[in-house]
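A.B. asks: Shown below is the structure under consideration.
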Amino acid sequence: MIKIAVCGAAGRMGGRIIAAINETEGVELSGALDRPGHPMVGQDAGYNAGLGAIGVPISDDLNAVVAGCDVLIDFTTPKVSLKNLEVCALHKKAIVIGSTGFTPEERALAAELAREIPAVIAPNMSVGVNVCFKVLADVAKILGEDFDVEIVEAHHKMKKDSPSGTAVRMGEVVANALGRDYNKVANFHREGICGERTHEEIGMQTIRGGDIVGEHTVYFIGMGERVELTHRAHTRDMFSRGSVRAAKWVATAKPGVWDMQDVLGLR
Ligand SMILES: NC(=O)c1ccc[n+]([C@@H]2O[C@H](COP(=O)([O-])OP(=O)(O)OC[C@H]3O[C@@H](n4cnc5c(N)ncnc54)[C@H](O)[C@@H]3O)[C@@H](O)[C@H]2O)c1
Ligand SMILES: O=C(O)C1=N[C@H](C(=O)O)CCC1
């Protein structure tokens, strides 16, 4: 039995991950964490998952919870995830990180911290999105330089980072396939007389509102035709099931940073 602890247990994803652990064979919830001062600290973690009491309280004691697990699943924020990585490395425990909004410097630091423990770090744990990542590279290469690329994503109004981690990864996949540097060609802002679109840029547009779970479209726009690749999430449950699948996989993985392409065998 693989013992999984969940960090961000009082959050939107935390509750769904606890529900996914509950329905998955071979894993059990060993601990649940949220930030010191959160009103749900001390309450049973099953309530946020719609399960009723399951006998695991939400704690704010990171060291104790990590010591008692085999794998920590963390859906919080980049800064919290980096701290969690550090503590998992101290205790030699594996980690699955779903938080998004990492800067390039934070990503480099995460890779450094994960040198001696296995870590799955992925901006999107759904099977559908990961298949999109895989085919996007081929589509970009085949359509080539004649098509302009624009990425549009839409999420709920509570989301803190923009563009979404998934949209950033889609931009990186396309940029790499076309031999461009995403950090140089991503264009996040058009306003006023901003001039014609450059050939190389990848436009990154964000919509925020209501309860949208997550939608991503990559547009390949040519002269006379366009191709659109869209993924729409209906619920958070495929993210949470994906994170539990990643936890089972990472429990026996070698040290280093992995992502869902590795977990799903898509590499
Ligand atoms: N990878 C994926 O498939 C995927 C899917 C959905 C969301 N996300 C990402 O997961 C993250 C969380 O999303 P959410 O919608 O659940 O957000 P949320 O705000 O509902 O939940 C985050 C939780 O983290 C807790 N937290 C904050 N600081 C903490 C600390 N120091 N220690 C422990 N817990 C702490 C918060 O109190 C909150 O309960 C975001 O970055 C989001 O973009 C990723
Ligand atoms: O709800 C969120 O927040 C989501 N974040 C991920 C991202 O930033 O790509 C995945 C989709 C949902």
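Note: Cβ is positioned from N, Cα and C throughout, glycine not excepted.
Caution: TrEMBL annotation is automatic and unverified by curators.
Residues annotated as domain 'Dihydrodipicolinate reductase N-terminal' in TrEMBL: 2-125. Marked as NAD(+) binding site by TrEMBL: Gly8, Ala9, Ala10, Gly11, Arg12, Met13, Asp34, Gly98, Ser99, Thr100, Ala122, Pro123, Asn124, Met125. What TrEMBL records for Arg35 is NADP(+) binding site. Look at TrEMBL and you will find 128-264 tagged as domain 'Dihydrodipicolinate reductase C-terminal'. The feature (S)-2,3,4,5-tetrahydrodipicolinate binding site is assigned by TrEMBL to His156, Gly165, Thr166. According to TrEMBL, the active site, proton donor annotation covers Lys159.
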A.B. asks: Other than His156, Gly165, Thr166, which residues of the same chain sit close to (S)-2,3,4,5-tetrahydrodipicolinate? List them in sequence order, counting a residue when its Cβ is within 8 Å of the Cβ centroid of the site.
C.D. replies: Thr100, Pro123, Asn124, Glu153, His155, Lys159, Asp161, Ser164, Ala167, Gly214, His216
A.B. asks: Given the recorded positions His156, Lys159, Gly165, Thr166, tell me which ones have a C-alpha lying within 10 Å of the C-alpha of Asp34 (NAD(+) binding site).
C.D. replies: none
A.B. asks: Drop a 10 Å sphere on every Cβ of the binding-site residues Ala10, Ala122 and tell me which sphere holds the fewest other Cβ atoms.
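C.D. replies: Per-residue Cβ counts within 10 Å for the binding-site residues Ala10, Ala122 bottom out at Ala10.
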A.B. asks: Between the Cα atoms of Gly8 (NAD(+) binding site) and Gly165 ((S)-2,3,4,5-tetrahydrodipicolinate binding site), what distance do you get, rounded to the nearest Å?
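C.D. replies: Per the Cα atoms, Gly8 (NAD(+) binding site) and Gly165 ((S)-2,3,4,5-tetrahydrodipicolinate binding site) stand 18 Å apart.
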A.B. asks: How far is it from Thr166 ((S)-2,3,4,5-tetrahydrodipicolinate binding site) to Asn124 (NAD(+) binding site), counting Cα to Cα, in Å?
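C.D. replies: Thr166 ((S)-2,3,4,5-tetrahydrodipicolinate binding site) to Asn124 (NAD(+) binding site), Cα-Cα distance: 6 Å.
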A.B. asks: Would you please pick out, from the recorded positions Arg12, Arg35, His156, Lys159, the one with the fewest other Cβ atoms within 10 Å of its Cβ?
C.D. replies: His156
A.B. asks: Just to be sure I understand, if DSSP states are collapsed into helix, strand and coil, how many residues of the domain 'Dihydrodipicolinate reductase N-terminal' (2-125) fall in each?
C.D. replies: 44 helix, 29 strand, 51 coil
A.B. asks: Ranking the binding-site residues Gly8, Gly165 by other Cβ atoms within 10 Å, which is at the bottom?
C.D. replies: Gly165
A.B. asks: Do you know the DSSP helix, strand and coil residue counts for the domain 'Dihydrodipicolinate reductase C-terminal' (128-264)?
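C.D. replies: In the domain 'Dihydrodipicolinate reductase C-terminal' (128-264), the DSSP-based counts are 54 helix, 34 strand, 49 coil.
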A.B. asks: By CA-CA distance, flag whichever of Arg35, His156, Lys159, Gly165 among the recorded positions is nearest to Asn124 (NAD(+) binding site).
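C.D. replies: Out of the listed candidates, the nearest Cα belongs to Gly165.
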